[in-house]
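Taken verbatim from TrEMBL:
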type     : residues                                 : note
BINDING  : D11, S12, Y43, G44, N75, T76, T184, H185 : substrate binding site
ACT_SITE : C74                                      : active site, proton donor/acceptor
ACT_SITE : C183                                     : active site, proton donor/acceptor
Amino acid sequence: MKNTNPIGLFDSGIGGTTIWQEIHKLMPTEDTIFLADQKNAPYGTQTKEAILALSHKNIQYLVDQGCKLVVVACNTATTNAIQELRSSFTIPIIGIEPAIKPASLLTKTSTIGVLATKGTITSDLFTSKLKLYPNVKIIEQIGYNLVTLIESGQLHSQEMKDLLQLYLLPMVEQGMDTLVLGCTHYPYLTPIIKTLIPEHILIIDSGEAVAKHTQKILGEHHLLTPHTNKGSTVFYTNVNPSILQTFAPEDIQVQQIEF
Ligand code: DGL
């Protein structure tokens, strides 16, 4: 494998762009290919078997494009399928999980909230991780419909505000002082969330940590690019690109392909 090959990323859709941004910020000279499987979004309401099959298909596509490493830019796919995916491919595969560990270190009230998809919250991986923090009260909340609204261009809708209020206020009432955004789509909700919950509540996600981990693993495999110029970026989707385009960097033209 050549160190000049691209880094691949995939998600069910728009959420993966938040991870791409962190990867690109940290390693701007790396070439990247981002796959948004919007035709099959959301993943969060599907079975473990379906999530695994879709994730496998996406990684195979990225491997066929020559990717030297793949970032699963999706908590739902990671928590349901990462072990099986790692055993199916030989390149390094990086996953993303809700940032419970940093939240458990930051909380002063020993009460954290986790907002994530149904697929993540009900996964064996996620539920087994919760047991590692017996002294922290962890309030789990499924973000029903949030991804669907973002994917359909309704990020700034009244419905979004109403749903967030419904999900978050009970967590605030239970003393949450740290909120974990456990889905890569949710960082786009941060400005809205800030208008709904008290200012002292910390909002955290795993994007930056995943980018740092990706850099470390590339280094360990001697796969960091030696290039010093800005890397190339390709965004692919399998539906009409117009909504994803509004979340993509200005100089990137999202391409619609079959995968
Ligand atoms: N962005 C994804 C995640 O991090 C998937 C959301 C979905 O498709 O339900 O969980």
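Using N, Cα and C of the backbone, Cβ positions are placed for all residues, glycine too.
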DSSP three-state assignment for C74 (active site, proton donor/acceptor): coil
Extra residues within 8 Å (Cβ to Cβ centroid of D11, S12, Y43, G44, N75, T76, T184, H185), substrate: G13, G15, A41, P42, C74, A77, T117, G119, T120, V147, C183
Around the Cβ of Y43 (substrate binding site), the count of other Cβ atoms that are within 10 Å: 27
Substrate site span - longest C-alpha distance across D11, S12, Y43, G44, N75, T76, T184, H185, in Å: 12
Pairwise Cα distance for N75 (substrate binding site)/C183 (active site, proton donor/acceptor) [Å, integer]: 6
Tertiary neighbours of D11 (substrate binding site) (same chain, Cβ under 8 Å, six or more apart): T17, I19, F34, L35, A36, D37, A73, C74, A77, T184
Cβ neighbour count within 10 Å of C74 (active site, proton donor/acceptor): 34
Close in space, distant in sequence - H185 (substrate binding site), Cβ under 8 Å, 6 or more apart: G13, I14, G15, T18, L146, V147, I150, E151
Euclidean distance between Cα atoms of C183 (active site, proton donor/acceptor) and Y43 (substrate binding site), Å: 11
